[in-house]
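Marked as transmembrane segment by TrEMBL: C:27-46, C:100-120, C:132-152, C:187-208, C:220-247, C:267-286, C:367-389. Positions annotated as domain 'ABC transmembrane type-1' by TrEMBL: C:94-386.
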Amino acid sequence: MSDTNRTVAPRPGDEVAIELSDVHKWYGEFHVLKGINLSVARGERIVICGPSGSGKSTLIRCINRLEEHQRGKIVVDGVELTNNLKNIDAVRRDVGMVFQHFNLFPHLTVLENCTLAPIWVRKMPKAQAEEIAMKYLKRVRIPDQANKYPGQLSGGQQQRVAIARSLCMSPKVMLFDEPTSALDPEMIKEVLDVMIGLANEGMTMICVTHEMGFARTVANRVIFMDRGEIVEQNEPLEFFNNPQSERTKLFLSQILAH
Amino acid sequence: MADNLSIQGHATVSDSPSPAEMVKPPALALGPLGWVRANLFNNWFNSILTILILWLAYKVIPPLLDWLVFNSVLPGEGVTNQTCRASGGACWAFIHEKYRLILFGLYPYEEQWRPILVVLLIIGLLGLSCNRNFWRPWLLGVWAAGGIVVATLMWGGILGLPFVPNTLWGGLPLTLILSVVGLVVAFPLSIMLALGRRSDLPIVKSLCVTYIELIRGVPLITVLFMASVMFPLFLPTGVTIDKLLRAQIGLILFASAYLAEVIRGGLQAIPKGQYEAADSLGLSYWQKTGKIILPQALSITIPPLVNTFIGFFKDTSLVIIIGLFDLMSASKAALTDPAWRGFYKESYMFVAFIYFIFCFFMSKYSQWLEVQLHRGHKR
Amino acid sequence: MAISRNLGNPAPQAPRRSLINDPNARAVFFQILVLGGVALLGWYLVTNVLENLARQNIATGFSFLDREASFAIGESLIAYSPANSYSHALLVGFLNTIKVAVLGIVLATILGTIIGIARLSSNFLVAKLASAFVEIVRNIPVLLQLFFWYAVIGESLPNPRQALNPIPGVFLSNRGMKIPALADDPIWIWVGLSILVAIVGVWFLARWARKRQEATGQQFPIVLASIGVLIAVPLLTWLAGGAPTALDVPELQGFNFRGGSNMSPEFAALLVGLTVYTSSFIAEIVRSGIRAVNWGQTEAASALGLHRGTILRLVVLPQALRIIVPPTTSQYLNLTKNSSLAVAIGYPDLVSVANTTLNQTGQAIEAVAIMMTVYLTISLGISLFMNWYNKHIALVER
């Protein structure tokens, strides 16, 4: 890793973007998150990996309150997530999220998908919203598809639209929930390229993914979760070359084997 | 790079089960109390609704139970219509007095063991047909034999059974016969209509489309009127046609159009590759249809066919309007006895209960079958 | 094979197929056969009918429509007396059908939507209650339900002298429901017109609000404002007209009520029965429509910061409606067709009037033809609308 491709971006500083302390969550009797402590600095790029059912998706879904945690404290950008709707709104406006299954709105065109939130949440004039949308669609390299419907696009294109849709809200943090695992192999690269571009611009990112190549090149920190706990976290080089825990070793051997 | 991260250098590792595992979920999320909180009082709106419903239940259920059970009049020594009128509760004595009229209509009283057998037989046949393992050609034979037994029992005239004209048939056996015979005859017709509608031959196709859309576009009652007032005109002078048969033909004409649409749905769901594979094997149209397409199409249409049959079973109640004595009309006839006027709630509830039992179990069966078939397809 | 045959034939010709093996010839032959069969059957039936009619001395044709109907009709939207013609009587019946169908459709939609949403409620009691309603109502014949409601009104409600009076001015008795009517006053026409004006106004308001939001991004509480306009404009008209409060309140005179407007027991039973029965089917459609919209859609929209109401209006409803509208229309059609069961409880709908006509004139074929044509026209109209709608809203997929 070198600093050459990070020109504009601020270096991850001491400023804390997200702070989780002792976060617990249960589904009925099932303990999904067992006291998660995590601090994310502004500009930091974190990759979370772990076996399925380890609670990694639940963790990032708690960060924008798609799931409710039952104990502990989550503070995003100085706002604590409680049942206060105002706080939830404030957090969601500043946190973008990209889903495994894209979740584009099939009844709206690509452009309308992108302008919906700026118009209704940021109260932007339509023309301005469209201008911004086109800017981000260009950034994800599909401006020519703006007037098509999601159903007319390939999976990779849809996921890029989903990223552009989130960017239109100018988020301070981006959450990625397995953004490439529903894609055909030949489309994974086009989405990862967009994400790498974002990282280079200094976006704070938390990304649940099994793309270890992406983790190596982009992440500041790789977190391994298992059974609702953070088992191990380290910078990528150390994490991959010198895993400490047996569970990490086992997981890495499985995921890197094929 | 990454050197100003706090975690730098030393990895955080926690291999042993952390104390967090011992932490219990908040008490309110679990147990009966947790269930009540999550399912009845999870927000203020639901709390209001719950309280409202509980209050309504408190207002409605005790009087209802009083009427149904505690104040009701059961049949017994010396219980007459006067006893019923004096009490404020349901008059089950009325049902006891009239249930044979409601269930079997005007069928001669001492011969009513015959319709009882018929009802049991039809229910048995339906039950037998529910088992997928029995979907074999011999089932058709069983049904044919069953049909002969039903006809023998209902009409009689042989084997020492006194003859009962079908003008005296009524009640539940009539409802069952109208719907089951209607379905059995309409089924092959509807297959032909469905195939015709999907045919490449323009004349055949347009005839089938016209028929299906014509019947589906009008209410059943007009088809029944047509059957009851127009069929006699269609026949050559001197030939008469029985009222029951007219209604039955009307129901068949009606059912075949609806069933045809269900079967067409099944035909459409068969992948094109199946047709192509059959063609590439050199099968003729009828071989292809009979051996490849229909068996698949019919098995996936059975759940919607059962649903159509439920609708049809309920619709047979309309024959009351052209003067047949089915379950529905029998329940009304029971109310015309001057001594027992006004006990319509009991009468209608009794009949509604019978219809409900049949329809409910058929619809549950169709849902169950859908799951089963779905599973079979996935495998 | 073809090659070996060609070897023996120095001048290859198109192989000659016998007519029997030519698929086109077969198709033509088969269709002629079918058509011939149908034509023969038709000819046979028509001859029989003509012969039978001639023997019974019944003239064919629709000339009977101009004759005097000479039967009374219990309720009518237009002026009618037994001295009017059969065609006029049939028109009365048709309008009565439309009246009960339109009201039934509106009420069944409202009730069905509420119950469908209730079945999805996170409140256990609400969901179970709605399920029980749907299961019970769907599995009992609609005709039985009509008889039940008719009996409830006719036998359980007291006679007019002891009429129930739940709200002042409203009387429930076995003669139907009496409600106060507005006393004759020209102002009511103006109020009616002002409602129309308000509707048009709301349309323009919505357009203006949308335009303004597009231009400046400012939002306008359009739902609240529309309700306000719809209430305020007629209210102001009424105040400007001197705010007349005179009502034609029903009063008991002798054995029945005078004044007010009446809802007959037959109409009430039919309306309640059709509404309840159809709403159970609409509830199922609404439930599955809403469930068909992926939960991910709501999550994605909330992650973008949209609020619940906005998500419902802009994301969930537009998608759910595509699934809900087509089957709901066919339920509307079913309700309209089921309204013909009016004949069983004596509400003078089209079928009921046509049936009376049939019995009086013996014009069986014509009467049945009239009933069928009217319903077919309604059905065709609705299917044409459906096809148009489906094309209009179909999701673009590749």
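Cβ coordinates are placed from backbone N, Cα and C, and glycine is handled just like the others.
Because TrEMBL annotations are produced automatically, they should be read as predictions rather than curated entries.
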Q | Same-chain residue ranges lying at least 6 outside the transmembrane segment (C:100-120) that approach it to Cβ under 8 Å | A | 126-127, 129-131, 133-134, 267, 270-271, 274-276, 278-287, 289-291, 328, 331-332, 335-336, 339, 342, 347, 349
Q: Could you name the stretch, out of C:132-152, C:187-208, C:220-247, with the greatest number of CB pairs under 8 A to the transmembrane segment (C:267-286)?
A: C:132-152
Q) Same chain, outside the transmembrane segment (C:187-208) by at least 6, Cβ under 8 Å from its Cβ: which residues? A) 222, 225-226, 229-230, 232-234, 236-238, 241-242, 244
Q. Near the transmembrane segment (C:220-247), which same-chain residues lie under 8 Å Cβ to Cβ, leaving out any that are not at least 6 residues past its ends?
A. 169, 180-183, 185, 187, 190-191, 193-195, 197-199, 201-202, 205-206, 209, 212-213
